[in-house]
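Here's what Swiss-Prot has on this protein:
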- Cys175: site 'Transition state stabilizer' (SITE)
- Asp255: active site, proton donor (ACT_SITE)
Amino acid sequence: MSLQSIKYNRGSLEILDQLLLPVQSKYVAVRGVEDGWKVINKMQVRGAPAIAIVGCLSLAVEIYPEEFESKKSLRQEIEGKLNYLVSARPTAVNMKIAADELLSLANDLTKAEDVSVPDMKQRFLNATEAMLQKDIADNRAIGANGAQAILKRVATTLGAAGTSGNGSVRVLTHCNTGSLATAGYGTALGVIRNLHELGKLEHVYCTETRPYNQGARLTAYELVHEKFPATLVLDSMVAALLRAKNVAAVVVGADRVAANGDTANKIGTYQIAVVAKHHGVPFYVAAPLTSIDLQIPSGDHIIIEERPDREMTHVGEHRIAAPGINCWNPAFDVTPASLITGIITERGVFEPQELKEAITKLLGL
């Protein structure tokens with residue numbers, strides 16, 4: 001059974017504090033938008049899908065007990081709080097897309113003469129809560145689509161590397177993209193989970209993912225919890241791993257995908273893609289449609305969040321870097337579309353060059 005990172009009942013929200021894992025499993029109450037902003041910004045909750053869900057549900061928790069004099073005052077409250085939540089971690093596009101959708105709903109309900117203030121509030125709460133279940137369903141579809149894409153590629157490639165006699169595969173993933181990064185099941189880790197369910201996962205390798213160690217702390221925690229055949233490797237071992245272990249595919253998540261397929265993901269993703277290209281290993285990005293930003297033409301336009309120096313210089317309270325050294329700590333890098341084999345979504349797997357046209361048709365834009 002997969003881990004539960006988000007616990008929600010109407011009026012109540014708790015998140016599993018990911019800063020304490022794997023040593024301690026502790027749920028933290030999120031009582032409103034200010035709490036939501038803090039747990040996102042401090043990375044007590046992380047992963048682009050989970051950020052959006054926790055952000056929106058924190059607003060639902062805050063407005064649930066409140067009474068509003070007018071629909072206009074409710075709409076103003078919604079708009080201001082959503083804009084604030086988007087600022088918590090700006091690289092992940094899911095929160096911005098969710099905020100835009102909810103604000104659009106609030107605007108429509110404000111204009112509707114047959115909708116009362118209580119009705120508007122109820123419909124808004126329903127919409128935020130629906131995101132939770134939709135994310136789980138989308139993740140399962142991503143998992144199935146990605147697993148089939150990998151297995152199909154292996155089956156059609158003569159003498160494919162990374163496979164055993166029964167067609168099982170060895171895969172590599174980076175950062176954390178599982179139940180802890182989503183409402184449940186996962187994106188890239190959802191693909192791996194689906195391979196395991198099909199009996200086609202021979203082995204999964206996960207990187208430590210410095211400096212926050214999401215791979216060592218979180219992905220490894222999930223893999224051990226679910227008893228997957230798994231091995232942790234250092235970030236600096238990826239080239240040696242792909243050379244020595246015959247990995248069939250690399251699968252990573254995404255915080256934002258540009259219209260041309262350029263992908264912003266956890267720092268270190270770009271160099272893994274370069275190494276995968278050199279070794280002829282397919283490199284897949286697994287992401288829901290909400291992570292694809294067609295308004296951004298390329299990765300050059302993606303804002304990259306920079307984190308505090310302390311995250312590099314300390315482990316917990318212990319300094320590991322020489323005092324006085326300067327640090328550069330971008331949380332993400334951008335992998336060029338030319339290095340990406342396919343982008344796995346809940347609606348199918350697309351090559352980067354066909355992404356914009358395909359998504360535009362799917363969404364009827």
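Using the three backbone atoms N, Cα and C, a Cβ is placed for every residue, glycine included.
Across the fold, the C-alpha of Cys175 (site 'Transition state stabilizer') and the C-alpha of the residue listed as 'active site, proton donor' stand 12 Å from each other. Close to Asp255 (active site, proton donor) in the fold, though at least 6 residues off in sequence, lie Ala48, Thr91, Ala92, Val93, Asn94, Ala264, Asn265, Lys266, Ser291, Phe332, each with a CB less than 8 Å from its CB. Cβ neighbour count for Cys175 (site 'Transition state stabilizer') (all protein chains, 10 Å cutoff from its Cβ): 29. In three-state terms derived from DSSP, the residue listed as 'active site, proton donor' belongs to neither a helical nor a strand segment and is classed as coil.
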